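K.L.:
To start, I am sharing the structure in question, which I have written as structure tokens.
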Amino acid sequence: MATATEKLSALQTAVAGLNEISENEKSGFINLVTRYLSGEAQHVEWSKIQTPTDEVVVPYDTLAPTPEDASEVKNLLDKLVVLKLNGGLGTTMGCTGPKSVIEVRDGLTFLDLIVIQIENLNSKYGSNVPLLLMNSFNTHDDTQKIIEKYQNSNIEIHTFNQSQYPRIVAEDFLPLPSKGRTDKDGWYPPGHGDVFPSLSNSGKLDALLSQGKEYVFVANSDNLGAIVDLQILHHLVQNKNEYCMEVTPKTLADVKGGTLISYEGRVQLLEIAQVPDEHVGEFKSIEKFKIFNTNNLWVNLNAVKRLVEADALKMEIIPNPKEVDGIKVLQLETAAGAAIRFFDKAIGINVPRSRFLPVKATSDLLLVQSDLYTLESGFVIRNKARTNPENPSIELGPEFKKVSNFLGRFKSIPSIVELDSLKVAGDVWFGAGVILKGKVSIVAKPDVKLEIPDGAVIADKEINGPEDL
């Protein structure tokens, strides 16, 4: 069995011969692997964990109001850059190309909505907030073509690529591309923690600083709630915070997303996997920990430059085992939220749930295309007629997984303002103008085509066949 040193040496030799990637990517990759092999896992001592105070995780409703003077707002906005993580493909929803070009509502894609929102800000205040898209090698070519349609917009759009690292073959710890797999399957993008070095390596960081930009607002391109918030920006500028993570209270549906803790005088992201087994129950019961990371992050650009140049951003490594054509491979990733502990004056802000509206599956698409939301100036706004603060839980069967199948099975999206939960499975087709209320389950029996008629009102009902309608 090769030792860690031997593995690393063989890997370094093989990586040196990979001509598809830059020297920066090679050294970034080797650094990541070196840290992984040294086993430098960050252990959290339970006794040192402290619940964060309101100075550390600031309640949103205590933020000072946005300045009323439009010129002050313009000055604030001129310090800002919006960066959307655009490396993901729409494959889980049955789409080809970048996920950000899936149509969300009224024929508009995620990217259309993002551009409209920033354009409106720039037009209203005379500001120049640019949009940066961090692509992966999977989305770069398509994105370059797509953004041409915005060339006459009131917004500067810049793109850069996150790193491209070789997948490691588990058996002998050598890079998959050096074994002849030089197509896309030989490589991977190493998670969004890579946003900081990639911003620097691309030259975009220095260019933005030279234009007087101070803060970057980083968010997932599929989070419809991640819009520019002037109160948050104002608070960070006033208090000189280098990093801010938006957190929001957990609901029963939220299983992912770490929480914020105070640890040895710093703010830190804690994932449930880091909690010692014997303390998990206690951890879950503590009210202050019932918040999670939305991945809406506000970061000071000068601080990013300082930390990247010092090679100080050593976030926890997430090993992600995969299989490519029967070959077991390993990819090592990092997350941007875990960087919080390296920044000075880092804080969390406990934001309203409306700032976290991700579309990860067609069940989320059903929510945002329904009467539960309206679209105003590119913003997805929740319907005030919905009295329950939580959204209905929606479970759609595999027949609805792909966007094309999902759209084909609804003549129009049902009204769900008064819905609590919906479960649909089997060969189900919805007519136009259907209204769903309370708890509804529509599960077609095997080999039965179940058509919900136009205008049907279904309240607190279980339907398994036409006889139940």
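Cβ from N, Cα, C; glycine included.
Since we're looking at a predicted model, the values are computed, not measured.
Positions annotated as UTP binding site by TrEMBL: Lys99, Gln162, Gly191, Asp222, Lys360. What TrEMBL records for His192 is substrate binding site.
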K.L.:
Determine the Cβ neighbour count for Gln162 (UTP binding site): the number of other Cβ atoms within 10 Å of its Cβ.
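P.N.:
Cβ-Cβ neighbours of Gln162 (UTP binding site) within 10 Å number 27.
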K.L.:
If you measure Gln162 (UTP binding site) to the residue listed as 'substrate binding site' at Cα, how many Å is it?
P.N.:
8
K.L.:
Counting only residues 6+ away in sequence within the same chain, which have a CB under 8 Å from the CB of Asp222 (UTP binding site)?
P.N.:
Gly88, Lys99, Ser100, Phe110, Pro358, Val359, Lys360
K.L.:
Of all the Cα pairs drawn from Lys99, Gln162, Gly191, Asp222, Lys360, the residues the record ties to UTP, which distance is largest, in Å?
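P.N.:
Those residues reach a largest Cα separation of 21 Å.
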K.L.:
Among the binding-site residues listed here (Lys99, Lys360), identify the one with the smallest other-Cβ count within 10 Å.
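P.N.:
Counting other Cβ atoms within 10 Å of each of the binding-site residues Lys99, Lys360, the minimum falls on Lys360.
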K.L.:
Inside 10 Å of the Cβ of Gly191 (UTP binding site), count up the other Cβ atoms and send me the figure.
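P.N.:
Other Cβ atoms found within 10 Å: 23.
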K.L.:
Counting across all protein chains present, how many other Cβ atoms fall within 10 Å of the Cβ of His192 (substrate binding site)?
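P.N.:
The Cβ of His192 (substrate binding site) has 23 Cβ neighbours within 10 Å.
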